[in-house]
């Protein structure tokens, strides 16, 4: 079992990578999962969990269910089983479940503890660590939420064996995101090695990158913004396609390519570096066809990004391999020229 300590000012916790251990709790626990994950992995968790009382809340699977209705269902279950401030919520699932349960636990009784047990690659390397929680709204993705850290995160690679290839590759997109912005050595690992042979090592490296970033910038004031590479465009794509056509990681892969187009036009990437990222995405089947139907509408949607302020879009753009820059005040014509390529 490998461990990563994330020491923060208000709350420190550990990320455990290895076989899920026995979890013994002296308080009540509400497990929240989705309809697919519960069928695959709930019994595995229940065999390892001992608590004063256990209840299970199952939410429909999918990004479009990351909403107020699902949040209300979670909270109603918490009230019905009379959870108190010492009780726990347990998130068993991917990024959607992790985000919703984190948010629910942050607002129930003004905050109770929760444990993350991520079951997808994307959730293991990204969503379950760092304390970003939230739900989607008709106006955009993750626009309502909070920063709220878990009590612990347990990552068991056995969960990944049931992932479809598409789900797995979506998680790789988030690994590439972190590698391009923070660690050129990880980029080289992804380029030269078979991921099957070094999966645990790559997950550990990815979580460690995110842990270091979160330790420096828990509330996303500066360096943590690098974790949003590809997300300004990616979130707009998800909203434009009603969260149904692409998985989150797939939309981020497209968003990274759009960001790369912008970085290339601004001279932040050389053509060689641009092609290197493109080839890495190709290696993991992360090149998708996407066509913007209404460029002006898509452009306006970019302003709904949480990083935007004073009617200015902030873009996270790669600056070579292994570094990034937050760029704002880019002329509208420059952005529209990039979007034209996708029209």
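Cβ coordinates come from backbone N, Cα and C, glycine included.
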Listed co-binder of Zn(2+) (same site as 231, 248, source Swiss-Prot) among 174, 188, 300: 174
8 Å Cβ shell about 174, 231, 248 centroid, Zn(2+) site members excluded: 95, 122, 126, 173, 177, 230, 234, 249, 251, 252, 255
Alpha-carbon spacing, residue 64 (NAD(+) binding site) to residue 231 (Zn(2+) binding site), which is rounded to whole Å: 17
For residue 231 (Zn(2+) binding site), the one of 61, 95, 98, 162 that lies nearest, given that the binding-site residues are compared by Cα: 95
Residue pair residue 162 (NAD(+) binding site), residue 248 (Zn(2+) binding site) - Cα distance, angstrom, rounded: 18
